[in-house]
Amino acid sequence: MEEEREKDHQALLNPGEENEMVYLIVRASWGGGEGAAVDLSFINLTQELRQRAQMQIQWRSHGLKTADLSQVSTADWMAMDNLWDLVMIFLFILQEVFGYQTQKLRRVLFLVTSVLTCGVLPLLFYWKPQWRVWAYCIPCSLQEADTVLLRTTDEFQRYMRKKVICLYLSTLKIPISKNTEEPLVADCHSVINKAVLKPELKFRCIQVQKIRYVWNNLEKKFQKVGLLEDSNSCYDIHHTFGLGLTTEEQEIRRLVCGPNAIEVEIQPIWKLLVKQVLNPFYVFQAFTLTLWLSQGYIEYSVAIIILSVLSIVLSVYDLRQQSVKLHNLVEDHNKVQVKITVKGKGLQELESRLLVPGDVLILPGKLSLPCDAVLIDGSCVVNEGMLTGESIPVTKTPLPHAENTTAWKSHSLEDYRKHVLFCGTEVIQVKPSGQGSVRAVVLQTGYNTAKGDLVRSILYPRPLNFKLYNDAFKFIVSLAFLGIMGFFYALGVYMYHGASLQDTMAMALLLLTVAVPPVLPAALTTGIVYAQRRLKKRGIFCISPQRINMCGQINLVCFDKTGTLTEDGLDLWGTVPTVDNCFQEVHSFTSGKALPWGPQCAAMASCHSLILLDGTIQGDPLDLKMFEGTAWIIEDCNADYYELGISDSNVIIKPGPKASQSPVEAIIVLRQFPFSSSLQRMSVVAQLAGEDHFHVYMKGAPEMLARFCRPETVPKNFPKELRNYTVQGFRVIALAHKVLKMEKLSEVQSLTREHVESELTFLGLLIMENRLKKETKPVLKELNEARIRTVMITGDNLQTAITVAKNSEMVPRGSQVILVEANEPEEFAPASVTWQLVENQENGPGKNDTHINIGNSSVPVEEKGSCYHFAMSGKSYQVILQHFNSLLPKILVNGTIFARMSPGQKSSLVEEFQKLNYYVGMCGDGANDCGALKMAHAGISLSEQEASVASPFTSKTTNIECVPHLIKEGRAALVSSFGVFKYLTMYGIIQFIGTSLLYWQLQLFGNYQYLMQDVAITLMVCLTMSATHAYPKLAPYRPSGQLLSPPLLLSVVLNTCFNCIVLVCAFLLLKQQPWYCEVYRYSKCFLDSQSNFSTNVSLSRNRTGNGALVPGSVLSFESTTLWPITTINCITTAFIFSKGKPFRKPIYTNYIFSFLLASALGLTIFLQFSDFQDIYRGMER
């Protein structure tokens, strides 16, 4: 029985939620149908990795079930070096799911209660959807649930209610077998076979943020549909889907998976309006304004209503415009006409929204891909600018015909993405492998695709967890408690004086609203708005304005090297060939001499991913520069080559007019193994015209390439020679070559990368020059003087990175650089760390080395306290992260240079810095920086491509000058937000104290007195205080990032005490004056003695709840005394809290704000001492 109960309490791991990095741990508690089961299929990991992760599931005695992926090796995590793997892992958040069944009786009670509470209960349930579920549903197992409640496992603990939908295959007009033994679809791995119940032919599903999940009846969990399972092998993809799907299977998949459409609904204006109006802030504001209007406070109420309506209209307009723009951006995606292969029927043309996973897509030529697909026949060139931010043609190769059962994504060392065509990318050239067409199997459709993920990250942005906003909420709650105290105080005073119940409640509620100014929540955004405008003028664009305040807290900035600190373009400096295991003289390109023919020239001419498109050579800038150095040209494949068995997919390279004399007429590239940043190399199989055998040419990182060469071909002084160039800041690439012992062209296509990239001959080094940008040194110096740490994270050579760090003075003169090298554990040796001064490297391992075993993880004693900077490679970082985790924080505190870092390692490093309580900025320009840009508190992209949406900030100026500008504006915005917030807090407290004192006499300030304070001072202060510009020099310390910090709290408390003492003393001193009388008690006597009033004011003995002697008139010594004091206190407070240096310019530079304060002060003094009856009459109302 217990086992059955265990099965019934399975649940959903929903991967497709918010744009948020989390540890991959699912937690759930037992009871009432709560639980968690894990579906790891959404993660782009190898099958072996998933099995290892699944093994971590532990079943505990109380039903607590945990799937812990934290043990996944660093190597596996770091292998995911593409932005969209990072999206899959980092951008999705785990959820707990709970099953519920609707009870009709509870629902009726809910409806009755909703009517009795005049809609208050539905409003609360609108804000808290979980309360609604708890109110009219009872807990049950997920298998029986008609409603599910999702709860995120992040710190926000947000709830989401979803209805379970039942769909029936019987609605399809095709014969479907009800035999339980017969699968519905041919794919044995598909969840569809496990989701559809027979003989009912129904399945249950939920839709969570555009992703559909179906209930897996065998594994008792919700599972994502709309994609091919990763457990399919290369053999499965070629043989199960290679001929296409049958018409019947297509129909079934269309119903279960939904349409292949990224549809963004244009929200109706009325719906947007309702969402805005039902915001808790506007509801409270509506309550406040209704109360004020009932008390005759019309002018300010109308002013607030106008501002609120304007704010709502602008918000609705912006949301509507964004909705329309996003709709238009993706609408064309759903209208692409494509050709597919249908099993048994041949080619068929249809609209792309009808595609399903498993369809075979025919690629005719130029095409905007409507889905994610894996290439199975032929090759093509695509522009992945939408994904990577770099409009560089990328060559895609077909998935090999492997016979093993290994998951297709892990069939070899080669990056599986080289076979995948991502949705939204542009196919710009196709290369059939034979007489047939280029074909691809649809992998994912709709919002499951790469483009769908991008759109979902825009539709459902990551909630910010900045302490400022949490503190602001706590502040508002504190003021609300103060207002509640005032509410009961007013009740006591008015009831004591025998006022009517209506007047008592009205006055009590009025005092409640005085404590919490209606504009308080909006105060935090004013500084951001001004800062965003100033940033825009400097060419810095922001898609996440809330992060501007975070920029004010940045104390560490990570920089990419190439294109960020150094010039983007590389210039050829020279080549260093090798002959007989020895380096030869350098061939300098600056001499103007053509590169002589030889294996090195052949490698430079052929080992690249360049293509000829519309007569222009396009591709990676490094490849392009290298190829130009050979003076060879790329030629289209013509009929002469077809006779030799050469197809369109092969690249033909021939000597150009300026090339050195060559015995070879052409080089034909037959096979490419593309470059991958994780592999740090690429290779090609080529044939020299006129020869029967084939050649392999390879280029890559020197340290990496040397591993694949025969040791006897690598010069003995290779490390020294390499270091000789890298210390000068050159970019160094190594070249290698070998002759393949085969003669048949068909054998080339079956070669594996492992076979090709082995036993090579080392050819030499290609030296490229990369200069520092002129802005780099001044900016780094400015950041250093402001005590903001700077760190370099690059994919380039470690020694080159160290040299650039020294030349740019990221490592100051006189500082020591300590190279940290970590080694993986071997058979008889544990993992170890070696520390070595870079200056002494040429001496080899000696007395300057310190080895640390895994049991003794500490920094060398002799290095403590010295001015030193750690430098390490991605490999060492990976080993330390895995084996010396407790040592990593100590290294990061002084770590400055991180080289040979993969994109995944860059993101991981940023996160590790954040764990040390750093506010991290990241500045980069390449595709491999996207993950880190997204992970950082403030990511600044120097790329103007579309994929800069991965970064909150994008700079039009392609240098790092934007970084200090952003930090300055962030600091100014943060200080402005704090200033306005503190002012409004004090304004509410000052009015609360003044009004409370008047309540003691059953009196109230006049409407125009309130209007003067609310509109002429407070509203203007909110709109203009934040307009003060950022201070031009970065201070060597940051502004406080906490509203509840002691200094800020002390300033509020002291100001409150001061104002309270002044107002109470003024109130008490007034009562001791010989001419004072309580007007509301002795009004007739007092007015008879005031002849100037008796002729102008119509008086009555009818005392109202607001303390006025007649309707519309406020007349008392108390209000006349307290009003100017509270008004001047408000002006003084605004002046005090609008501090200038060191984060903003002086207050007098904000001309409008200064003029308003001076005008308000002058007007207050004028009103106090003027003797104009019209003014008196106006202020009395």
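From the backbone N, Cα and C atoms, a Cβ is placed for every residue, glycine too.
Curation does not apply to TrEMBL; its annotations are automatic.
Annotated by TrEMBL as transmembrane segment, the relevant range among 83-105, 980-1002, 1003-1025 is 980-1002. Away from its own ends, the transmembrane segment (108-127) comes close to residues 135-136, 278, 280, 283 of its chain (Cβ-Cβ under 8 Å, at least six residues beyond either end). Panel annotation: around the transmembrane segment (980-1002), residues 472, 475, 479, 482-483, 486, 489-490, 493-494, 497, 499, 507, 510-511, 514-517, 519-520, 523-524, 526-527, 1013, 1018, 1021-1022, 1025-1026, 1043, 1048, 1051-1052, 1055-1056, 1059-1060, 1063-1064, 1067, 1078, 1080, 1103, 1105, 1107, 1116, 1118-1119, 1122-1123, 1125-1126, 1129-1130, 1133-1134, 1137-1138 of the same chain, lying at least six beyond its termini, place a Cβ under 8 Å from a Cβ of the stretch. Counting only same-chain residues 6+ beyond the ends of the transmembrane segment (472-496), those with a CB under 8 A from a CB of the stretch are 503-505, 507-516, 520-521, 524, 981, 985, 988-989, 992, 995-996, 999-1000, 1002, 1043-1044, 1105. Proximity of distant same-chain residues to the transmembrane segment (1150-1169), defined by a Cβ-Cβ separation under 8 Å and at least 6 residues beyond the stretch ends, is recorded for 1012, 1016-1017, 1020-1021, 1024-1025, 1027-1029, 1124, 1127-1128, 1131, 1134-1135, 1138, 1175, 1179.
Listed as Cβ neighbours of the transmembrane segment (300-319) (distance under 8 Å, sequence separation of 6 or more from its ends, same chain) are residues 267, 269, 272-273, 276-277, 282, 285, 289, 292-293, 518-519, 522, 1007, 1010-1011, 1014-1015, 1019.
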